[in-house]
Each structure stands twice: as structure tokens, then as C-alpha cells.
Amino acid sequence: MDAHVAQLQMQYRNYILSLYQQGFLDDQFTELKSLQDDGSPDFVAEVLSLFFDDCVKLVGNMARALDQTGTVDFSQVGANVHQLKGSSSSVGAKRVKGLCINFKELCEAKNYEGCVRCLQQVDIEYKTLKAKLQDMFNLEKQIVQAGGIVPQVDIN
Amino acid sequence: MVIAAEPQFHVLAVDDSLFDRKFIERLLQKASCHVTTVDSGYKALEFLGLREGVEINDPDAVSTSPVIHQEVEVNLIITDYCMPGMTGYDLLKKVKESSACKNIPVVIMSSENVPARISRCLEEGAEEFFLKPVRLADLNKLKPHMMKTKLKNQKLEEIETPSKDESGTAAAVVEPEVNNLTEIGIKILPLQSEVEPKQVHLQVVQKEEQTMSNNKRKSVEEGLSTDRSRPRFEGITTAV
């Protein structure tokens, strides 16, 4: 096998492992990858795209809801957190999901400052994840372009 | 009648979130099902030929749904619990209240683990309650439920086609088949009580079913699918 391909594949493997080790992804992401096959070769990319669109929308909603000088509708914020928690959980976005769990409690406690801070963290976190996964997809592309196959990475 | 080589289960998936619809659709496809997704309980009822509880054969019903919906066989409904307007629970109730659709197994999904919610749904007749994110392994649990309606529909079709025997015998074909599935631990509550007097007619069927029921669920499904039931049951009715 081409040395270049082998090197790229190793880079890819290490990158994926680091994403799991650093807590960006959990085994739901593994499950997601297992749903992709020759019949649906872009499934992971499509689902992630929908997820990140959701992030933009929901974070926007929450920012607006928290921006109400006067009475903040925490149930509205909570409803958006609930949705984000659901989708982050389904894609295996571990850190985002973890933040949503805290966020939910802050909404229930009607902790305004806490919510604002948490929202900022969510914003940073999903953008960070998006960049990391973009790097992952780029590596996959490079491997394929170099004539290789994207390896299945065994997390355990 | 045409016999398909592989059982094609048709699942109606209901979820207001586009993301979740995409996800459940892929899961179901991966589990070898035909999938129709809709984004609300209302659309689900429309698809099933029920609209706001009005059945399609109600002469007073003004329905824009084409009659073709009656012929679309749905083997399972899987629905999100939390949806605006009509919740998954409301949809479940409507389905169970309808004489046309009450035998379609319904599964509820929710991202929240609320025991009271779960038991309420199960009491109302939901077959299973899945916590999201749903996994492929969860869906594989559903095959026996779907197989039940599929086979039942097949037999109902058979009863409708003119058969040499009295309809009593043909009808009897239905019960033991289902009863034997209980041996692999599937709850088929309403039918169990009706089974006893008719079992004696169908010993051959039961013997075959017995061996299969000893296998794991997955291989039962494979066994049933490759060994397509229809010819066997035709043999049984004439043999009696």
C-alpha cells in the first residue's frame, strides 16, 4: 500500500481517537457511523449538517429569549435547550449534550446569569465541534483522493 | 397472489423534528424497512386514512385523502411523544380507537425518561417505549410485532379469497400462529384467550412453529421470511 495513504490513515485514526478521548464525541457517534453504508454514503455528513443548522437556529432563539429586558421566558429557553439536548444526544456530540443538561437545570432555576454564561459556552462548543469534524471530513477526502479507503476506527 | 421474497415491513414514522425524522428513517432503512415519515400526528392520521378520528369509509366524511390509503399496509407506527398540537400519546389513542387501525403496533419515542409517561403509553396500548436516541438494536425488537400484523393481513386476504373450506377453519389459521410467537416472549394479549378450541386443527403448523420458536428472535424472523408462510398455510387449510 502507498506509504502516503498509510500515513494519512494513521493520522485519521489518531484524530478520531483523540476526539473521543477529549470528550467531543461519544459512542452514539459510532452508532451514527455504523448507519452509513454504500446505499447512504453521506448519511453522517447530512445528519451533522442538520445538527449544526439546528445549533445555529436554537442558539439564536435562546439568545433572543434571554435578551428580553424585563421578563425572560425561561420555559421558552428551556424548550430550545430540550431540542438541542435531543439532537446533540443523537449525533454523539458529548460536550454539547453535557452543557445542555446543565443549561436545563439553570432554566428551571430561572438563573439568568447562569443561562447567559451557559449559552455562550454552548455557542463556543458547537462551533469547536463543527471545526473538528470538518477537519475529520477533510482527512477522509484526502485519503480517498490518495486512492485509499477511510478506515473503520475501533474506539475500544 | 404474489409472494415477496423478503418481508418488507412498512413503518410510518412521526416526528416534528426534521433531524429526528432523518435519523429514524435511516435507522429503519438499515433495519430493512420501508419508511414513510410525517411531521405531525394529523398527517399520520391522514396517511392512515383516518382524519381527526373520522374513518375513511364514513360516508359523511369529507376527506381529501385518496381511497388508496386504505390499501397502504402499515406494519408499525413509531412516533415521538412530544409534538406540538397532537402528542404521540394522542396519536396512539386515536389509532387504538379506530377499528381499521387498532391492530397496528405503535411505538413511542421520547428523549425524557418519565416513568409515569411510559406507563401511561404502555397502558394505552403502545407496544414499546424507546428512549432517544433510538438504536438499531431497539428496532430489531420490533420485528416480531410487525410480523404479527403482516401475517395477519396475509391471512385476512386469504379469507377473502374463495377457499374450499369453511371460513371457520381459515380463521383458525390466524390464532395459533400468533400464539406460538408468545413462546418467544412476545405479548400478544387479546388473542391468547381465543386460541384453545381451534388449535387442534393445525398441528402441522404448530410443529413447524415450535422448532422456530426455540431459536432466537432474529433467526425466527429469518426463518419466517425465507420460508414464506403462504404456501404452508394453503397446505394446512386443505389438509384439515
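Positions of Cβ are set from backbone N, Cα and C atoms, glycine also.
What TrEMBL says about this one:
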{"type": "COMPBIAS", "residues": "B:218-233", "note": "compositional bias 'Basic and acidic residues'"}
{"type": "DOMAIN", "residues": "B:10-147", "note": "domain 'Response regulatory'"}
{"type": "MOD_RES", "residues": "B:Asp80", "note": "4-aspartylphosphate"}
{"type": "REGION", "residues": "B:207-240", "note": "region 'Disordered'"}
Query raised in the report: For B:Asp80 (4-aspartylphosphate), what residues in its own chain, 6 or more apart in sequence, show a Cβ-Cβ distance under 8 Å?
Result: B:Val14, B:Asp15, B:Asp16, B:Ser17, B:Asp20, B:Gly88, B:Ile108, B:Met109, B:Ser110
Report summary line: Confidence over the domain 'Response regulatory' (B:10-147), expressed as mean pLDDT on the 0 to 100 scale, is 87
